[in-house]
Amino acid sequence: MRIARVAAESLRRFEQFRLDPHPGINILHGANAAGKTSVLEAIYLATRAGSFRARRVEELIREGQSLARVQIALAEDVSGGAPATPWSVLVQRGEVQVRRLGELSNRKELAEAAPVALVDRQLHRVFEEGPVYRRRYLDWGLFYVEQSFFSLWRRYERALRQRNQALRQRLSPPQIAAWDPELVVAGEALQAIRRNHLKVLEGEVRLWLARLLDTDRISLQLVAGWDESLDLQSAISLGLAGDRKMGFTHAGPHRAELRLRFQERDARSFVSRGQQKLLAVAMILAQASLVARVRQNSPVILLDDLEAELSQDWQRRLLAALADYPGQSMVTSLEWRVGLMPAGNASTAHRVFHVEHGNLSATDSV
Ligand SMILES: Nc1ncnc2c1ncn2[C@@H]1O[C@H](COP(=O)(O)OP(=O)(O)OP(=O)(O)O)[C@@H](O)[C@H]1O
């Protein structure tokens, strides 16, 4: 997928802006508080119908206005194909409305048409905080590469919600166990597709990491959310007393963990901030490359704050990796230097935009 155009109105500090991005790398540079991250937020809003930094999506509406709107034209990877499809997302009165070709649509259809992967300033969470961030990372790719994932996940979540409700209402054991078959079928299937995906993903992460950090010593291991010497039904049955006491279901893929080991050590405590950033980029590019291969639709990479935590040498490595990636990327930069872009290669064609006081202008193109 390629973003052919973005137009936003009343978003953060922008009255309006229009962006005609390059199919390769796009640099959005400007001073502090110029509005660079807000441009990424606009693209994120237009493709995910949400925000990655606002707690409430209404925070995106420009002060003094009642609505914010982003229009985006999505084209095929290779230009010259079908005409771009217009989508729009409107934020108004606490609601988010998605439209495709002017007709009402929804978040899921938008997400399917517009795969976008984000490396934001909170990337350390994937390494340092709870398993939910790592599961989210894993499942993002599964949503695109494994057709059954979304419906399985919906089935599983529904059964889990019902079972937890039965536990909280202190219903009898048979009434609680009535949800087990559905939970077990969907839960075992989810675990199996996560495991299969991870096998391929791990190899792909190693390839990207070798380019970015000159090492492929990383392992990604899926730890099931239950005692793996048991099948899920046995684990759930054995855990019933504890579940009744606590009022929720302990065993299942909703408790799975993705264990990351870098150079044979726990990535949580043995990775520098700069390494974390390149590791996160390798992990994202790996997922995006697999999605691109399976769907013939390359995700767009959004990367906030090129310079943070990275020396110029490592910034160059990051840009060289983005140049190798077949899809489009949008990168914000506080202190852009032309010399950072890998030179002399057609694939490093890029466009530079300057963001200043809520204005956006194209400054350069290669
Ligand atoms: N809803 C809003 N209405 C008007 N202005 C807003 C709104 N939300 C944020 N701003 C302003 O937008 C600016 C922040 O923009 P943004 O975070 O995109 O900048 P940035 O270029 O990424 O900055 P930095 O490099 O410092 O992180 C701030 O000046 C902030 O006051």
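Cβ coordinates are placed from backbone N, Cα and C, and glycine is handled just like the others.
Just so you know, TrEMBL annotations are computer predictions that nobody has curated.
Positions annotated as domain 'RecF/RecN/SMC N-terminal' by TrEMBL: 3-337.
Feature annotation from TrEMBL assigns ATP binding site to Gly30, Ala31, Asn32, Ala33, Ala34, Gly35, Lys36, Thr37. For Ala34 (ATP binding site), other Cβ atoms within 10 Å of its Cβ number 21.
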Per DSSP, three-state class assigned to Thr37 (ATP binding site): helix
Cβ-based neighbourhood (8 Å from the centroid) of the ATP site, residues Gly30, Ala31, Asn32, Ala33, Ala34, Gly35, Lys36, Thr37 excluded: Ser38, Thr332, Leu334, Val355, Glu356
Surrounding CB atoms that lie within 10 Å of the CB of Ala31 (ATP binding site), all protein chains: 13
